[in-house]
Amino acid sequence: MQLYQLKGISTIPGRYSSNLSFVAYLLLVLLASYPAVSVAVNFTQCLENVMTCANGSDPSIQACAFLNISNVTAFSLLRTSNGNPILTTDTATALSYHGCYNHCGKGQEPFSWSVFSQEYSQWLLPYLALLSQLPFGAPRRMDNFMSVILTLGSPTLAGYSLYLTVLNARWVNDKLFSGIDYPSSTVRLSVVRTLSGLQQVPLRVHPGRSARFESLVIHPDNDNWWITLAEELNYSHTWSIASATSIAWVVIAYLLTVADSLSNVANSINSNGQGTGSVWLWLLPIVIGWLVLSPKCDYDRVHDAYRRANRQVFAADSRDATAAPIQVTYNFGLTISSSPDWKLYGRNITSPDESRIPPVFNYARTLSWSRTVYLTSLSYRAAWRKSSWHRVGVDGNRIPRNVSNDIPRESRLGNRDQVVDYCQPDHHEYPGINVLWPRGVVFNMIVASLMSLQLQWGTTIAAILAAWFTPTIGLGCRSMAYLIYGLLSTTVWVLLLLSSVLGYYAHYLVEDLPVPDLESDEQPTSPASITGHGFAFQSGGGGSPAIPLHRFPSPHVGTPLDTDEPASITTIKYFHTGLRHAQTIARVSDWLRWIGKFFAIVNAVGIITNSVFQYSGMYDNCYCDSSIFKWGISFAFNVISPMQSDIDLAHSAWIGALALGLTCSAFFVGSIYLIRDSLPL
């Protein structure tokens, strides 16, 4: 029907070697799915025919006959670059959407393998290769695969996890353990390094009557445990020849490609990769940030380090202070793996993502990790205050002063009750402690959110601007795809963040429930002493009474229930009611996590598909080139032959988009380098 239809245009799927085989496979599927035979449209020839018909000269008779329209109708279809009706055909650079669709065809521009391969290799391939430099380390390939999907599907989440990891390490060093040199500055540094390095595991401490955790804090024979673990964790996934080469390749390729595209704006203006180059720019600061931080995410090495440190771990004796410490075969005081917990999840973690070691999953660990670290700091600060301020040892005797200010060994010896009491914060020094939401955690989450959002939307808006000001000006398929990518990325981050908060709430709500004892009429026992996740009340010894560490309102030890019913019946009712509430919250958390991951998968596939469509010319059709979403069907138009002023505007917009994307990326990386000096490295 149309004079300008071409047949036989096909794509040739190519195979390339990549460190990430799933990306290569995905691209092959996309290329293979491209129609083997497609109807191609020559829009330039179509515009010339409509202009010829509109001129009313002798050649117009044949053109009008072919188009089956009159020259008056043809004249009404022509538009200027601004979408206005023309006064003369000399100013015609565009067609109305209906004119383009009805008289040029429904297909797209002919596929050009040379254009596709050039744009793909220059704009997309370096970023796909850079994915191999992301930190993985999980024992299961599916966890590593999902970490890539989450990173691609939600750069907001990836940036959030990265920046929060940096802020958490600074929080431990500068806030929680600031001024604490118990029992010595060397041990203090090892403790801080160990806690900061274990952000990629479900870290838990278990204070309680067994004094396993308190012995790690107090007993001098356990100093070597902290030092050994810190040294074993002191390996780095940092700059290597491979990573430096990959990053240099991306930077050099990006700069050269940008320079080339800016010097040839008119050539392949619609298939140009300026937009895709900007929308992928976030990956560079994410990879650099992880290399700078060097997270401890090698599952085997982390657990081997933990096992080697546990070869020499001791617990205080329950009899008297002079007895030798007991060497234990397993360290129940501080654990880094999930363990059975029959109450809610079947494990002592807030969600399955908490046990997945790739650092992109740090979003799921930060609340429980912060609580664990905060509890540890309270024990160390309590011991430091009693030894430095009150000069009282574990056994209650005065501590002699020495030149080094290190605590003498004999002042750190005691039985279990004395060791536990020594780690309890005094009530008058800590009038109200909330271990569920430690001070500074929410602030770190807010800052990490803002930094990740500026990185996500700085690069996304840069891509949108590059596509928006490329003729036809306005919101079209390309810019809409970038907008959807940014929105879905943010949505995934919001859903997974809410899931982590609700999972954390549900888990510790169940932990705080009183456990029913059907064989006794005694008062319900605080779960802090059962599950070992909180401080018990001080039952004896000198000093101020220990403070209850508040989580959620529930009966604590020694708090009578306000009811006339038997204690055991009331406890059972309270337990089951609270358990149902917690399980409901946990189900909501699970659903949010599943929905968020589904959107992440869709978004990861979508951004790669969008790039392939961009380079292959799939968007070069009447609908996408007319910026329908801005102008609407009735007023939309397709700029086919842009004027020099249109090209100059696109050139300026591309430069502005480039500056915006690079500025946001540099700000993200630069702030990490500034914070790095305060990290316990």
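Cβ atoms here come from the backbone N, Cα and C positions, even for glycine.
Record features, source TrEMBL:
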TRANSMEM  20-41  transmembrane segment
TRANSMEM  145-166  transmembrane segment
TRANSMEM  239-257  transmembrane segment
TRANSMEM  277-293  transmembrane segment
TRANSMEM  441-470  transmembrane segment
TRANSMEM  482-505  transmembrane segment
TRANSMEM  594-613  transmembrane segment
TRANSMEM  653-675  transmembrane segment
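Outside the transmembrane segment (653-675), and at least 6 residues removed from its termini, the chain residues within Cβ reach (under 8 Å) are 159, 162-163, 166-167, 170, 258, 261-262, 265, 274-275, 278, 281-282, 284-285, 288-289, 292-293, 451, 454-455, 458-459, 461-463, 465-466, 468-470. It is 145-166 that, among the stretches 145-166, 277-293, 594-613, forms the most Cβ pairs under 8 Å with the transmembrane segment (441-470). Distant neighbours of the transmembrane segment (594-613): 23, 26-27, 30-31, 120, 123-124, 146, 148-150, 152-154, 157, 273, 276, 279-280, 478, 481-482, 484-485, 488-489, 491-492, 495-496, 499, 619; these residues of the same chain sit at least 6 beyond its ends, with a Cβ under 8 Å from one of its Cβ atoms.
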